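Asker: Sharing a structure below in structure tokens format, with a few things to ask.
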């Protein structure tokens, strides 16, 4: 993900300028982030020698190790969240936009496919289910991975133009929020009764409506909305199953 | 540099002879692919001359012994290792042998990828065939579901083919244009729905465990795989030419899940077992008829006008038996799936 975040910083982002809201991470200004001097140094992450080279590039010289392990940091170093590409206000605004069922879907709404929001939602779902007595973290992650892969394969087979896997995973994760709310309800009340089924069905349809709307807009498959929505509803129903029925 | 004085074998291809760099700027300058001995020896001289430092170069060029290939050893100007034949460019592949080597490598890689693509790319996951199976439309899905559950009144069962200008058949039409074409969208969706419904059924009996999702999926996929294996084996044993592709057979095997879903639904709606079993029997019969009618064009290929039948009468009767056995075999499979 960090590589993708750097693509945001150092190159113009792919979405066109007529996006209704500026939903790009950290907006459109790239060059002035922390000066151009530090830019090449942080281009590669996780390489052992990069700390030294980073120190050298900024002109800090042999103080590289000290700066890395101390609290001073390098000159012009961005804050950690910004460097990692985690932007909480952006995640919140994107979630609100995605889940509003009355909006018109803009096809560029998910052009910056960040995975931090979805990851947070899956983890939150796992935590709520754990509190309600169903420790199923592994199943949630496995289902998320398998479901994203299957929807990615299916959408690429069904649509004339393709879609990339990051965007699929991002859309599916953001649209999971109603399911997270239902699992929050399941903490206090058991959902294994009639109104629980109804609530779960309602949240599944809300998730599916949001996700299929985005996919149909991105892939321009307007007459096949139901065909796209059905597999996504199956995926969210699996999550609903995990939320409703506790393992015996 | 004067080429006329050099007595070296004329290279078979025209190569560009640039000014060689005074120091080796690329590792390719030290890499020599084996070629004619004269070139090789000359290259060795050249390589050896590069290792001593730059200022000593003119003396070293003159100090080397003069083999029969000596004419190229004579420098024309100091500071230049004056080899008149192919010399490498800066980072380029202008060396003839290097070019030959590169092209050999490229063709080898190309041949390898072609081999993999032909033998394994088409066999394991035939992507183009898969894409063809997923070109469905809303109306196709609705009509096909109706056809699977009520196949009694449907008239033409043959698949439409794409006709090119010469009248040749170019493959079958996509599912969205031909109701009789099998697709993979409905079977795969039906399989996943079946897994979910059986999980819901277990959950209503408070016997749900997330593990059961994976177990049911695996057993359903195994049922499909087993049936496809049997049908292919029978086609081979009966010597049916041009039998349906594996993708089509998987599609035909997956249509039974639609009926099984209907059966499980009635299980939710009623508690009386005779309703449940009558729905099951009806679904089985409908699926059997659907399969017999659809596979008829696979097992008994229609002979075009003027072309002799490719099978004899006994073969024909055997193939008809085969069709009915396939239809009857659905029953134990469906029982198995319903009981899981």
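Just so it is clear, glycine is given a Cβ too, placed from its N, Cα and C backbone atoms.
Those TrEMBL annotations? Automatic predictions, nothing curated.
Copying in the features that TrEMBL gives for the protein in this structure:
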- A:1-10: compositional bias 'Low complexity' (COMPBIAS)
- A:98-243: domain 'Yip1' (DOMAIN)
- A:1-21: region 'Disordered' (REGION)
- A:115-133: transmembrane segment (TRANSMEM)
- A:139-159: transmembrane segment (TRANSMEM)
- A:171-191: transmembrane segment (TRANSMEM)
- A:197-219: transmembrane segment (TRANSMEM)
- A:226-247: transmembrane segment (TRANSMEM)
Asker: Can you tell me which recorded stretch out of A:115-133, A:139-159, A:226-247 has the most Cβ pairs within less than 8 Å of the transmembrane segment (A:171-191)?
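Answerer: Out of the listed stretches, A:115-133 contacts the transmembrane segment (A:171-191) most.
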Asker: In the domain 'Yip1' (A:98-243), how many residues does DSSP call helix, how many strand, and how many coil?
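Answerer: Across the domain 'Yip1' (A:98-243), the residues distribute as 110 helix, 0 strand, 36 coil.
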Asker: I'd like to know the mean pLDDT over the domain 'Yip1' (A:98-243).
Answerer: 88
